[in-house]
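Working notes, structure below.
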Amino acid sequence: MAGSAIRLPFGPYHLALEEPFRVDLDIEGERVRGARVRIGYVHRGIEYILQRRRWYEGLRIVERVCSICTQAHSQCYAQGVEELADVEVPERAQWIRMVVAELNRIESHLLLLGVLAHKAGFDTLFMYTWYAREKIMDALELLTGNRVQYAINILGGVRRDIDGNIKAVIESKLREALKLMSNYERVFLQDRSLKSRLSGGRCSH
């Protein structure tokens, strides 16, 4: 910690945060000089649980690490097990996994943009952003059968296929979301009031 800096504990819980964790901030005047994140309160022992489950049972567990980015956890786990077991995944299944992962990524980004708008006091922008997110969630629900924790991955492939009808709906939902997002982009990047609330906040070294 720098000479004149003071240490300010933030947490272990705050209403603005989704999960309770603690951050120790090193503050010097108005500047944050450093931060130490402690996630012990969020630890759920998932690694320990996985040690006592069969390989195929792990998929359902790792999906629950985070409901927002569930496909990333499930897909990484599946790919790791497949590599260890020397299992070759069909190319079509690989592409379906990629589609789900990309839809999940878009949905996750829109969720966090909405939260950012809400925390900055722009609740209308928050609701509009999440309206676009609903279009992506509709596509994911049609493809996987679930709006969160998609459970589409199995070891060696996927549970569901994409037929012509599903493909058409996904493309339609993406076009709708893109049209909505193009309007919000101007607000996030050009609105002077939003910029004034978000600028100047950083960790300086």
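Numbering starts at 1 and runs along the chain as displayed.
Each Cβ is built from the backbone N, Cα and C atoms, and glycine gets one as well.
In the three-state DSSP scheme, GLU47 (Mg(2+) binding site) is classed as helix. As annotated by TrEMBL, Mg(2+) binding site applies to GLU47.
Reduced to three states, the DSSP call for CYS69 (Ni(2+) binding site) is coil. Note on CYS69 (Ni(2+) binding site): other Cβ atoms within 10 Å of its Cβ, all shown chains, come to 16. The Ni(2+) binding site annotation in TrEMBL covers CYS66, CYS69.
What TrEMBL lists as Fe cation binding site is CYS69.
Feature annotation from TrEMBL assigns domain 'NADH-quinone oxidoreductase subunit D' to 121-200.
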Around the C-beta of GLU47 (Mg(2+) binding site), how many further C-beta atoms are within 10 angstroms, looking at every protein chain? 10
Measuring Cα to Cα, how many Å separate CYS66 (Ni(2+) binding site) from GLU47 (Mg(2+) binding site)? 14
Near the Cβ of CYS66 (Ni(2+) binding site), how many other Cβ atoms are there if near means within 10 Å? 15
